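Asker: One structure, pasted below without further comment.
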Amino acid sequence: MVDNVKDANGKLSPVSRCGWCGEDPLYTDYHDHVWGRPVYDAIELFEKLCLDGQQAGLSWITILKKQGTYRNAYAQFDPEQIARYTDQDVERLLTDPGIIRNRLKVNSIIKNARAYLSMAAEGIDFSHFLWAFVDHVPIQNRWQSLSEVPVMTPASEAMSKALKKRGFTFVGPTICYAFMQAVGMVNDHLEHCLAYQDCLDLGMSAQQQD
């Protein structure tokens, strides 16, 4: 996808993005400023993993447009609060038009919160646990076209297996890879994309600090 933006002199110049984000302003902003930037905060990672699970069978833009209502419905993704949700809360959520009203998906976030707390009770840091699958350093790819980008990798398969063992749901290897892309564990922006270099620089900074 090629767009036009004004440079420092006020002139229009072409800007290239990964084609998957289309032209929706919400989606292009997400692509330009969120997707692929390394995330280390445990609660932010928990939220993103849960939302990627909600995406199953749908497009990400559908979930992105509902992100605010998901946060309201699920206590800003505070695992301790979500873990206390009852059957009555489930029924309430199933009537909320701001989220995907699928019982399995509604229950998934609750189960994931309880799995998160179980790990915490064992002294396992959720962020450290997830980033270990890329040795705590973002993987820098150099894709030239979307057709080159995988939908899963051995790392995402290993993450999926480990999360399922811990009690998480809606965490298949494809979902895990989408999650890894989004939170910057891998830089899968195309090399000619306007966001590629920023993500590369952030990844290099993380490597120097490791």
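Just so you know, glycine gets a Cβ as well, placed from its N, Cα and C.
What TrEMBL shows for this protein is this:
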type	residues	note
BINDING	Cys18, His31, His189, Cys193	Zn(2+) binding site
Asker: Least buried of the binding-site residues His31, His189, going by other Cβ atoms within 10 Å?
Answerer: His31
Asker: Within 8 Å of the Cβ centroid of the Zn(2+) site residues Cys18, His31, His189, Cys193, which other residues of the same chain have their Cβ?
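Answerer: Those within range, site residues removed, are Arg17, Trp20, Cys21, Asp32, Trp35, Gly36, Leu190, Leu194, Ala195, Tyr196.
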Asker: Taking DSSP three-state, what's His189 (Zn(2+) binding site) in: helix, strand or coil?
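Answerer: Note: His189 (Zn(2+) binding site) is coil by DSSP, not helix or strand.
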Asker: Have a look around Cys193 (Zn(2+) binding site) and count the other CB atoms within 10 A of its CB, chains all included.
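Answerer: Cys193 (Zn(2+) binding site): 23 neighbouring Cβ atoms within 10 Å.
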